[in-house]
């Protein structure tokens, strides 16, 4: 028994998570492309065409038609984002167990957990959005504050202070980092979605690893944003249509990568925290 405990990894292997995430995407590239197309690219294109059609017919922004579009777009964005995350989580866990995930199985998992996953996604992203808004508000206040002598050191301190203000929201979001994968691993139930149970499960699993996950996610987000901005510089001369298409594809790809990383982190944390595998999860939740 003692040898089994000593054999377990003591820390979360961020490099292993990232490597395994890209390996899973590579092994299931056609399936990943279909999931992104169904749950991200296609809905975004439909809403964009709807908005363009209203603009072409001169429908004012304050009209009932425009308001209906905004409501449907908001609800659809939440629903499709949750379904994409749950479908990707199912794909990752099937692949980790050595099975071949299929589109039909992923769609079935997304259908069973659509409402629950959407609510978890909405709650987590509301916290993250509030944290980001707090950061940029603090930066905006500092920029408007009158300064007689520019001090680069003071600028750096104020920017760092604004980042510190946003840390509580980021850490709360990291507490729920693996909530959607945990939700997918519970027994299917439409009447009892166990949303709070999955949030508590994520809280317990991420305890002791939250700073590592936060730094990992912020680094990944920063590098992704930088690469997107550099790519936009080359795409912008090709025209508005190309730029819009590029933005749509990059957002979809970013959503896919985030969902894969979350699910891979869940399986890695299980091994680190409890020495378990995905086959043991049904017993963990019982």
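Every residue gets a Cβ built from N, Cα and C, even glycine.
Keep in mind that this is a model prediction, so the values were computed, not measured.
Under the heading transmembrane segment, TrEMBL lists 31-54 (among others).
Among the features that TrEMBL reports, transmembrane segment is placed at 74-93 (among others).
Sequence annotations record features per position, and here TrEMBL assigns transmembrane segment to 114-136 (among others).
Per TrEMBL, the feature transmembrane segment maps to 156-178 (among others).
Annotated transmembrane segment per TrEMBL: 211-235 (among others), in sequence order. Sequence-distant contacts of the transmembrane segment (211-235) (same chain, six or more residues past either end, CB-CB distance under 8 Å): 11-12, 14, 17-18, 170-171, 174, 177, 242-243, 246-247, 250, 254, 257, 261, 265.
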Per the Cβ filter (under 8 Å) with a sequence gap of at least 6 from its ends, the transmembrane segment (31-54) is approached by 25, 65-66, 69, 72-73, 76-77, 80-81, 83-84, 87-88, 91, 101-103, 106-107, 110, 244, 248-249, 251-253, 255-256, 260
